[in-house]
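Enquirer: Could you have a look at this structure, given as structure tokens, before my questions?
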Amino acid sequence: MTELTLTRPDDWHVHLRDGAALPHTCADMARYFGRAIVMPNLSPPVTTVAAAAAYRERIITAMTGLPRQFEPLLTLYLTDQTDAEEIRRAADSEFVHAVKLYPAGATTNSEAGVADLEQLFPTLAAMETADLPLLVHGEVTDPAVDIFDREKVFIDRYLAPIVQRFPGLRVVLEHITTADAVDFVSAAPATVAATITAHHLLLNRNDLLVGGIRPHYYCLPVLKRNSHQQALVRAACSGSPKFFLGTDSAPHSSAHKETACGCAGVYTAHAAIELYAEVFEAAGALPALEAFASHFGPDFYQLPRNNDTITLRRQSWQAAASLPLGEATLVPLRAGETLQWQVLNPGNPV
Ligand SMILES: NC(=O)N[C@@H](CC(=O)O)C(=O)O
Ligand SMILES: [Zn+2]
Ligand SMILES: [Zn+2]
């Protein structure tokens, strides 16, 4: 297959950041994505509907003058203080589509996250009633738990009990990295789904650590062993509506990555669908890409599928060695390397 036309895809998990970074991150997203679930882990985090409305305006302003725009779908950052009233306001708004749970200290800008999940059960009950999805960074922060086990332990300790206690609550386990997560989500009721990133499909911990440490492959949850990577590829290509595209494209400046204590996050927004296409092609599953990238996400979020298409052609091109991020620069995935698939006429007005 040398050309592939699919319903316009959406990204169900992305970090756009704020301020001077926004024009750059938004321009990449606006090339061909229809919509994007925008993560709220700014500093300070987006904890209220009012803050989400203001952030949405900044995103839209940052897209001024671009040949096309994507629709930002905002999220609220769950804290120990989030109450049922804010949840109802969010559900009543046109633009807040989910609430994000970061266990305090689990990842970038998660200091304000949730310390005691049980205290928040009334808030989760309000989300269940309002039918507002819960998005989860699924890692425990217990220092006694090995970093490679933190996703599985989170599922056992927290996620399974939440799913059992709130059977009507829609839950997305974000950026899954293990066969354990694939098995849990597959066996869970239809209210439970997962996003999968391109980098967790393309890479495993050998890529991160063998022959030297590669800071641009460091993200959270950290890359796991090859057998987990293979389980993710099977899940993405399976045709199960529980697994859909979420890039978790997470820009950090090169200075913050290439240092003694580097930040977690991989930038893929410059080549997102192109990278997924490589994975699906290598797995002999290119026909399954459309549902994963363009159907199952909107179905889960109860939004219409996009009604136009994009076309990918199998022709090689070279990714930029570095990209601007506000005043700084970042190193994207595959920096300076060749990619196999290219989107035809990206950025054309729709
Ligand atoms: N995935 C990452 O490694 N980093 C994300 C945060 C997150 O999604 O956990 C970021 O905001 O940089
Ligand atoms: Zn996360
Ligand atoms: Zn993320």
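Cβ coordinates come from backbone N, Cα and C, glycine included.
What TrEMBL says about a protein is an automatic prediction, not a curated fact.
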Enquirer: H13, H15, K100 bind Zn(2+) 1 in TrEMBL, but which of D183, D207, D248 does that record place at the same site?
Expert: D248
Enquirer: Look at the substrate binding annotation in TrEMBL, where H15, L16, R17, N41, H137, L220, H252 are given, and name the residue from A54, A125, A264 listed for that site too.
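Expert: Between A54, A125, A264, TrEMBL records just one in the substrate site with H15, L16, R17, N41, H137, L220, H252, namely A264.
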Enquirer: Within the same chain, and leaving aside H13, H15, K100, D248, name every residue whose CB is within 8 angstroms of the centroid of the CB atoms belonging to the recorded Zn(2+) 1 site, in sequence order.
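Expert: For the Zn(2+) 1 site, the extra neighbours are V14, I37, M39, N41, L135, E174, H175, G246, A250.
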Enquirer: Looking at the binding-site residues H13, K100, H137, which have a C-beta within less than 6 Å of some atom in ligand 1?
Expert: H137
Enquirer: For K100 (Zn(2+) 1 binding site), which of the three DSSP-derived states applies: helix, strand, or coil?
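Expert: Looking at the DSSP assignment, K100 (Zn(2+) 1 binding site) belongs to a strand.
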Enquirer: So which of K100, H137, D248, listed as binding-site residues, have a Cβ under 6 Å from an atom of ligand 3?
Expert: D248
Enquirer: From the Cα of H175 (Zn(2+) 2 binding site) across to the Cα of H13 (Zn(2+) 1 binding site), what is the distance in angstrom?
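Expert: Distance (Cα to Cα, whole Å): 8 Å.
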Enquirer: So which of the binding-site residues H13, H15, H137 sit close to ligand 2, that is, with a CB under 6 Å from an atom of it?
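Expert: Cβ < 6 Å from ligand 2, in sequence order: H137.
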Enquirer: Near the Zn(2+) 2 site, what residues other than K100, H137, H175 in the same chain have a C-beta no further than 8 Å from the centroid of the listed C-beta atoms?
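Expert: Close Cβ neighbours, site residues excluded: H13, M39, L101, Y102, T107, L135, V136, G138, E174, D248.
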